[in-house]
Amino acid sequence: MAVPGEPEGPPPPPEELINFLRQLGVALCQAGDGANRVTAEMDEVAAAYGVPDVHFFVLPTGVFVRIGTGPSSTVDFAPTDLAPLRLDQISELYALLEQARTTRVAPADGVARLAEIRATEPRFPWWVRVIGHAGLTAGLGLVLNADPRALAGYLVLGAIVGLLRLLADRVEVLAMALPVVAAMLVTVLVYQFGEYLVGDRPTQLLIPPLVTFLPGAALTMGAVEMAAGSLVGGSSRLVSGFFSLMLLAFGILAGTQLVGVPTEPTSPPAALGWWAPLVGVLVFGVGQSLNSSAPRGSLHWLLITLYLAWGSQFLTTLAGLGMLSGFVGGLMLVPIAYFAQRHHGPPSQVVFLPAFWLLVPGALGLSGVSELVGTNAGSGLADLLSALLAVVAIALGVLVGSSLTRTAQRYLP
């Protein structure tokens with residue numbers, strides 16, 4: 001009779017298991033998980049299969065797996081594909097992870113299931129995803145700068161960038177240069193035609209259409225990994241995040257070279273009112289769900305997470321504690337995401353990732369870079385410094401939130 005909680009039967013052959021483990025680890029990296037969490041999850045899977053002496057070394061660019069010790073050990077490595085998984089694929093991946101932990105799925109079946117997940121078509125047709133990209137652009141625009149004159153520009157530019165992303169999936173050359181091409185095209189359109197919508201304030205149209213290129217999650221997770229002791233993985237994520245910002249900045253600079261730098265605005269900014277950011281979070285969440293093919297039944301959990309994370313950050317700023325707003329937002333994000341997962345919601349990563357785009361560091365960093373190449377270099381440097389401090393604050397919040405969540409899980413049934 002099997003003892004509850006212990007593996008049943010002999011473990012699978014090492015060569016079969018190691019192939020499954022390395023591919024599973026790569027998929028978790030593609031889902032945006034940090035190196036420490038991927039390692040912990042893989043340790044649980046290895047323990048479920050009853051295989052001793054399994055060791056993992058996880059990087060954002062690849063996964064090493066070793067089974068056994070000494071000359072008889074088996075070592076394998078798999079590079080991480082740069083293409084991230086969609087939200088629906090992440091949901092299916094975590095279902096497979098849970099199955100591997102609880103029922104010891106056969107390694108060959110697990111590998112086949114991973115291939116099926118990667119080959120899964122998006123939930124929505126291309127035109128719905130383009131509408132979703134336009135929606136999340138308009139939503140972020142309402143949150144960051146609720147100018148009623150800019151709404152049409154947000155929608156049009158968001159749709160154009162959404163179409164570019166779909167085209168890049170089919171044209172490899174465009175995919176390699178997509179951040180630069182998108183940033184340059186948006187800059188040219190904004191500075192050439194933006195004045196017809198927003199007068200002398202076209203720069204406000206620049207950031208929201210580029211939101212899906214912003215490395216807020218990479219910068220924050222890199223800082224989290226650095227703080228947790230994963231120096232190689234954390235530093236590589238930080239370098240990758242800053243390089244992504246530089247690519248976008250180069251595109252913006254190239255665009256300004258083509259059409260010229262806008263003059264300093266003289267007219268007062270327009271605003272819709274206090275309710276606009278609240279509507280913006282809703283529009284952003286729905287747009288993100290459509291654009292990233294969120295799994296069925298996850299929209300309400302995604303919106304709850306976005307509202308609570310953004311709301312806690314907003315209230316902290318309103319209380320005059322602006323520097324702590326990122327910490328509070330990150331602190332709230334992790335328990336909310338795990339609460340959703342425990343109460344029949346989607347995996348925590350599904351609602352965790354989209355929230356980073358509302359927690360500012362990526363957008364604020366690109367705003368600073370865009371001002372550096374414009375006429376407001378002093379403000380640009382200040383925004384870049386604020387972005388770096390926001391990354392640190394959010395990372396600390398995520399670390400504390402993760403620790404509190406793990407502690408609570410030990411005492412919850």
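Every residue gets a Cβ built from N, Cα and C, even glycine.
Residues or ranges marked as domain 'Threonine/serine exporter-like N-terminal' in TrEMBL: 20-258.
Sequence annotations record features per position, and here TrEMBL assigns transmembrane segment to 150-167 (among others).
Summarising the annotation, TrEMBL assigns transmembrane segment to 174-194 (among others).
The transmembrane segment annotation in TrEMBL covers 206-226 (among others).
Marked as transmembrane segment by TrEMBL: 238-259 (among others).
Annotated transmembrane segment per TrEMBL: 271-287 (among others), in sequence order.
Residues annotated as transmembrane segment in TrEMBL: 299-315 (among others).
For the transmembrane segment (321-339), the residues of the chain that approach it from at least six positions outside its boundaries are 220, 304-305, 308-310, 312-314, 345, 348-349, 351-352, 355, 359-361, 389-398, 400-402, 404-405, 408-409, judged by C-beta separation under 8 angstroms. According to TrEMBL, the feature transmembrane segment maps to 321-339 (among others).
For 351-369 (among others), the entry in TrEMBL reads transmembrane segment.
Marked as transmembrane segment by TrEMBL: 381-401 (among others).
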If you average per-residue pLDDT over the domain 'Threonine/serine exporter-like N-terminal' (20-258), what number do you get?
88
Would the transmembrane segment (174-194) count as touching the transmembrane segment (238-259), i.e. at least 3 C-beta pairs under 8 angstroms with sequence separation of 6+?
yes
